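Asker: I'd like to ask some things about the structure below.
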Amino acid sequence: MLHRTIHLFRKELRLHDNPVLLAALESSAALYPVYILDRAFLTSSMHIGALRWHFLLQSLEDLHKNLCQLGSCLLVIQGEYETVLRDHIQKWNITQVTLSAEMEPFYKEMEASIQRLGAELGFEVLSLVGHSLYDTQRILDLNGGSPPLTYKRFLHILSLLGDPEVPVRNLTAEDFQRCRAPDPDLAECYRVPLPVDLKISPESLSPWRGGETEGLQRLEQHLTDQGWVTSFTKPRTIPNSLLPSTTGLSPYFSMGCLSVRTFFYRLSNIYAQAKHHSLPPVSLQGQLLWREFFYTVASATPNFTQMAGNPICLQICWYKDAERLHKWKTAQTGFPWIDAIMTQLRQEGWIHHLARHAVACFLTRGHLWISWEEGMKVFEELLLDADYSINAGNWMWLSASAFFHQYTRIFCPVHFGKRTDPQGNYIRKYLPILKNFPSKYIYEPWTASEDEQKQAGCIIGQDYPFPMVNHKEASDHNLQLMKQVREEQHRTAQLTRDDADDPMEIKVKLDRSEENISKRKVARMTE
C-alpha cells in the first residue's frame, strides 16, 4: 500500500541529492512538500537575523519554483511545528512523514516529538542522512562510542569507513507524476511569504542570493577552473580581497541548498584527472572534512555551544563587559581592520575565514577577554552560513578553549590586514569615513597629525573612535591569563590536542615558504 506523505523540508532546501525526498516519492501515492515556518523556533533555536531571513525566504521561493517545474509545489505553513503537523496529518489523511535526519539537539528533539506524534496518530516516520558526508553515528561507533577529538584521529576513522555514499539520482517530473500533487489552491493558500509579511526589513545588501539554483550556478562557476580547484590551499586565500577568494559556497551548504556529497564527488572527479592536487586539510575536500569533523564532535558532546558543562572546553573566567562587547559588535573598536570586518559581516552576512579569526581573537583571548559564547551569538545572528556545530567549534578554537593550542599567537589588529592589503582598499570600502587617509595611516589613523586628520575629513575621537585598548598591553596581559588557565586545566586542554604539527604553526610556515604544501596542516573557519 502506497503512503500519503508529508515531506518536511528543514535544512535540505534542494531537489538534487535529496535521499529522503526520493524515498518519499518512491513510496507514496500522494506527496505534500511542506516547510513549516515556525518563527518562534527559528528565532529562539537558530537565532537567525534579517539577512539570513532574506536568504531563507529566497531559498524557499526557489525551491517552490523548482518543484513547480516538476509538477508539484511547496507549501509553506506558518505556525508551531507540532500543532501544524497534528492539524494537517488529520486533514490530509497522512500515513507517512519524511524528513532529513539532523544532528543539532533542537532538530533531534523535533524529530523525537514527530516520532511520538506518529505513535499517537498512527503514521510512519522516515528520516535519512542528507546534510553531511557521513552518518555521524557510524563514526562514533567506529571510535568506540565517543567522538574523535582531533582531526588526525578523525581522518583515521574515515579511512576505516571509506568514501561517503554517492549522491542519489536527480529527481524527474516522472517521479512526481507517480504521486498525486497538492491541489493548486493549496499553493496559493500556503505561499512563500514576503519579507514584508514577516515584518522583516526589505533592504538586503548581501551579494548572496538564496536558493538551490543560485548555489548550483556558483558551484559550476568554480568547478570550470580546474587549475584553481586542484591547487586550492586554504591558507593562501586573502582575507581582505574585495571579492571572496574562497568559494563563497558556505551559505548554500549551511541551508542545504547545495549537497556536500555532490561537491565532494565533483572534486574527486577533477582530482582524478589531475597530475597533482592539494590534499586535506588545506584542499577544498579538506574543508568539507573539517565541516564533518565539527559535526561529529558536536553530535556527541554535551553543551557543545556553551562553556559550562562542556567537557572538552576550558572553563575560563571571561570578563563581562556589555559596553566593550557592543563596541566590537557595532564596529566601534577604533581599529579599522577589525571594524571593517564587522561592518562587512553586518552588511553582507559573510566574511573570510581569516577575517573571522582576527575579530574572534580580538574579542576573546587577544584583547577584550570576553567569552567566545558572546561572539558565537553575534555570528549566529549575522552570518548567512551560521551553523550550530561549526560556529561553536570555531569559536572554541579561536579563543583557544579547545582544539587550538598555539595560544601565544595573537593576531595584531594593525599589521595582520596590512600584509595582504597595504593600500587599505578593504577598509576604504567598508569604513568610508576613513577613505581619504593616506595608506600609511589607514590602519592606525590615530597616528596622523591633527592637520592630516582634518585634511582626511575625519577627526579621531570625534568622527571615528580612538582604539579601545592598547594592543601590546592587552595582549600581553591576556597571554599570561591564558597561560595560567591552561596550566591549571592541563588535562582538559590535552583532550583535543593532536600529536601532529599544530595547524596554525604550519600556516605560518606556509606564509614563508614555497615548499610542497600537500603534507601540511592548517586551521580553518568553515565559511
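Cβ coordinates come from backbone N, Cα and C, glycine included.
What TrEMBL shows for this protein is this:
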- 3-133: domain 'Photolyase/cryptochrome alpha/beta' (DOMAIN)
- 246-250, 287-294, 385-387: FAD binding site (BINDING)
- Trp318: site 'Electron transfer via tryptophanyl radical' (SITE)
- Trp372: site 'Electron transfer via tryptophanyl radical' (SITE)
- Trp395: site 'Electron transfer via tryptophanyl radical' (SITE)
Asker: Given a 10 Å Cβ-Cβ cut-off, pick out the one of the recorded positions Trp290, Trp318, Trp395 that has the most other Cβ atoms nearby.
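Answerer: Top count of Cβ atoms within 10 Å goes to Trp395.
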Asker: Give me the long-range Cβ neighbours of Leu288 (FAD binding site): same chain, 6+ apart, Cβ under 8 Å, in sequence order.
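Answerer: Set apart from Leu288 (FAD binding site) by at least 6 residues yet with Cβ under 8 Å, we have Leu133, Val260, Phe263, Phe264.
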Asker: If you measure Trp290 (FAD binding site) to Trp395 (site 'Electron transfer via tryptophanyl radical') at Cα, how many Å is it?
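Answerer: Here the two Cα atoms lie 14 Å apart.
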Asker: Specify the count of other C-beta atoms within 10 Å of the C-beta of Ala386 (FAD binding site).
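Answerer: If we count other Cβ atoms within 10 Å of Ala386 (FAD binding site), we arrive at 22.
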Asker: What's the CA-CA gap between Trp395 (site 'Electron transfer via tryptophanyl radical') and Trp372 (site 'Electron transfer via tryptophanyl radical') in angstrom, rounded?
Answerer: 6
Asker: In angstrom units, rounded to an integer, how far apart are the Cα atoms of Ala386 (FAD binding site) and Trp372 (site 'Electron transfer via tryptophanyl radical')?
Answerer: 15
Asker: By DSSP, how many residues in the domain 'Photolyase/cryptochrome alpha/beta' (3-133) are helix, how many strand, and how many coil?
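Answerer: When I sort the residues of the domain 'Photolyase/cryptochrome alpha/beta' (3-133) into the three classes, I find 62 helix, 32 strand, 37 coil.
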Asker: What average pLDDT does the predicted model assign to the domain 'Photolyase/cryptochrome alpha/beta' (3-133)?
Answerer: 96
Asker: Between Ser250 (FAD binding site) and Trp372 (site 'Electron transfer via tryptophanyl radical'), how far is it from one CA atom to the other, in Å?
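Answerer: That separation, Cα to Cα, works out to 21 Å.
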Asker: Please identify, among the recorded positions Gly248, Glu292, Phe294, Trp372, the one with the smallest Cα-Cα distance to Trp318 (site 'Electron transfer via tryptophanyl radical').
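Answerer: Nearest candidate: Trp372.
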Asker: Looking only at C-alpha atoms, tell me how far Glu292 (FAD binding site) is from Trp372 (site 'Electron transfer via tryptophanyl radical'), rounded to the nearest Å.
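Answerer: Here the two Cα atoms are 21 Å apart.
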Asker: How many Å lie between the Cα of Trp372 (site 'Electron transfer via tryptophanyl radical') and the Cα of Phe294 (FAD binding site)?
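Answerer: Just about 16 Å between their Cα atoms.
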Asker: Please give me the CB contact count at 10 A for Ser250 (FAD binding site), counting all chains in the structure.
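Answerer: There are 25 such Cβ atoms around Ser250 (FAD binding site).
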